[in-house]
Amino acid sequence: MSIRKTAMSGLALALAGSLALTACGGSDSDSGEGGGDITLNFTWWGADERAQRYEAAIDLFEEANPNITVQTSFAEFQDYWTQRSTDATSGELPDVMQMDVSRLLEYANQGLLYDMSEFTDGGSLDVSQIDEELLSSGEANEQLVAVPTGTNTLALMYNPDLLAELGIDPPEWDYTWEEYNDFIAEVSAAGADMDPQVYGGGDYTMTWWLFMANLIQQGIEPFAENGEMNFTEDDLRDWINTAEPIRSPEDVTFPAERGEQLLPKSGFTSNEAAAEFHWDNFLHSYSTDLGSENIQLLPLPSGPDGQKHAFFKPTMQLAMGANSEHPEEAAQLIDFLINDPEAGQIIGTDLGIPASSGRLDALDVEEGSLDQRIIEFEQRLRDEGNATATVPFQPEGFGALETEYVEVLGQEFSFRQIDVDEFVERFFSEAENLLVTS
Amino acid sequence: MTLAHEASRAPETGKLPRRPQTKRPSRRAAESRAGYAFLAPWLLGFIALTAGPMIASLYLAFTNYHPIRGGEWIGFDNFTRLIDDPRFMDSVEVTLTYAVVGTPIKLAAALGVAMLLNNRRRGKGPYRSMFYAPSLIGASVSIAIVWKAMFNDEGIIDDMGAFFGTWNGGWVGDPGKTMPMMILLAAWQFGAPMVIFLAGLKQIPGELYEAAEVDGAGAWRKFTRITLPMLSPVLFFNLVLETIHSFQIFGSAFIISGGRGGPANSTLFYTLYLYQRGFGQGQLGYAAAMAWLLVIVVGIITLIFFRTSRYWVHYSGEGR
């Protein structure tokens, strides 16, 4: 009898407890609407480093707008898109979210993004300080569905300390792809006796955007307006074979097995690879991961005509879910994030070189800082006449194709499960399923 | 009492004895109404959260549905595409290896420990709890993370290998060693089948062993001639449950490989690939087709188990 009694009272207690908890949850969300307060959801992809910047900027925003609370969340790039596509299915996209040109059409063509033009004509969203061509990257179907935060460009990051230790000079500004192969081989040979072993860099042909850049260097616009591919199987095969000299007879690229174990860091940020290609704004998170600010930037190797054909890409964009219940306030938040000088000082060049010219001018760049390094790097690209190309058109399905290239085929190739021909064949057969053509 | 005896047992015959007619059907109706009323919360949940989505996913399996773009009816295209999909084949291979190798190891571990704990010794209570503990925490995210750390380069397993000079490097980055690692993780969580085995062992009458001992049977003979046949219903239950379980592995593989099924597809379990296709690439139709194929295959395997069970599962009380 007594056992039963205890059990009953235990059950009752648990029930009461769970009721109380539900009540808490309920009142929490209710008070948001009742008191005239507004809660905005804001999500982005990126590392901790970016989260700290955003959070600090949002604290300022909330201070200036006491009636608005911003709920934030962030994820790694691939997971981020998995979450957003689930949100889209249930009509619950965040009020404000980071958007990428590679996915923009996928969302915009289905009317999932809010047309922000109603706020730009003297409204709460000021886009007048953004270069018109750059701003047009956020337009789709004659609507303004995304606002660029800034620009970035592909770069070679190298670790001068590690190179000095090995006694090897970094590549010259006008180096070629062949010279880069030689550089990797040289570093890997010199670093073979180090513990842990040091390599020049990874197999760069498994990076999707470098393939894009390489096509552009050959004068090939990767995708047509109707979503068709403008490159052939031979183009892809040739590109992958560019790195053949460093894969055989001896593989001197950073081993995939090691890379797997270092995740989420890379070989470069673990001080085990001397160089890596990436977007220049990654300098910030890379420097945090590496624990050293001494990372230098170089452009991509030159194409067959000796030119760089570099392009500036909208680093990322900010967009609003069409389902947002507070579009006015969401636009206000975007305006704050791209224009406010104080927020700009916090964000720096982590989201690319600021798109808003006013913010860029107001940016107080410290001598020798990472911000300065990125700004000077992009300036030199312009000064040297390297930035002659435009961002490639990214059709609907571009992002999924990139994932297939990097995460699936790139992995299998790096682990030597498939050869170049299988890579090419499977890429083109998957592209049929992933690209949306008209 | 032998297996041979079992094989020749007569098929089930006879019908249930006819029930006497009830005089007050209204009371029975009221009772069943009450029964359904009590069932209602579960039933509603089942329809809304399980049956409904299942039917929807069956429909999706015949479409090229995309969470953002929507989709249209494409008939059996998803299923024909599966045949030509090398990663699908990889995932089938990985999952089958895991089920065929992992399940017997896990059950053997569970049975072995259950027999050790079945002895009437002092202080077996704490041991039972200790051996059961991993299966309580094993499915959690943190354990998968700990597991990954243990098997990484310079992790504790790497150090042990270096000490004994048996292997070099962690297991996480080596496609050849991730499967043993995953199987170890599963086998380590043998607590649930162990408890069931333990209950089964308690049911075996001690006289059988005593009689066998009098006849001069050794430990091995007692195990094969008494323990195994008497335990076969429990073994059957555990086998079916654990096999189905192993086909559904997702969480630990997702965490250890960061959702990518790597390195080199070596942890690309069926459900993980399904997830990648459905939610990573937005090919929900394709993923639904995969899901239904899994349901069908697991169903067939379970059916085979049940069909073959009459030849090796012995239910005491039968044939009396």
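Note that Cβ sites are derived from N, Cα and C of the backbone, with glycine treated the same way.
Residues or ranges marked as compositional bias 'Basic residues' in TrEMBL: B:16-27.
Annotated domain 'ABC transmembrane type-1' per TrEMBL: B:92-305, in sequence order.
According to TrEMBL, the feature region 'Disordered' maps to B:1-29.
According to TrEMBL, the feature transmembrane segment maps to B:34-62 (among others). Remote same-chain partners of the transmembrane segment (B:34-62), defined as residues 6 or more beyond its termini with a Cβ less than 8 Å from a stretch Cβ, comprise 71, 73-76, 78-79, 284-285, 288-289, 291-292.
The transmembrane segment annotation in TrEMBL covers B:96-117 (among others).
Long-range contacts of the transmembrane segment (B:129-150) within the same chain, counting only residues at least 6 positions beyond its ends with a Cβ under 8 Å from a Cβ of the stretch, are 113, 117, 156-157, 172, 181, 185, 188-192, 194-195, 251-252, 255-256. Look at TrEMBL and you will find B:129-150 (among others) tagged as transmembrane segment.
The transmembrane segment feature in TrEMBL is assigned to B:181-201 (among others). With a cut-off of 8 Å between Cβ atoms, the residues of this chain six or more beyond the transmembrane segment (B:181-201) that come close are 98, 101-102, 105-107, 109-111, 113-115, 117-118, 128, 131-136, 138-139, 143-144, 147, 151, 171-172, 227, 230-231, 233-235, 237-238, 241-242, 246, 249, 252-253, 256, 267.
The annotation transmembrane segment is assigned in TrEMBL to B:231-256 (among others).
Annotated transmembrane segment per TrEMBL: B:284-306 (among others), in sequence order.
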Chain residues in Cβ proximity to the transmembrane segment (B:284-306) (below 8 Å; excluding those fewer than six residues from its ends, i.e. six or more beyond):
57-58, 60-67, 71, 74, 78-79, 81-82, 88, 236, 239-240, 243-244, 247, 270-271, 273-275, 277-278
Excluding the flanking five residues on each side, which residues at least 6 beyond the ends of the transmembrane segment (B:231-256) place their CB within less than 8 Å of a CB in that stretch?
95, 98-99, 102-103, 106-107, 110-111, 139, 141, 143-145, 147-148, 172, 178, 181-182, 185-186, 193, 196-197, 199-201, 204, 267, 269-272, 275, 294, 297-298, 301-302, 305-306, 309, 312-315
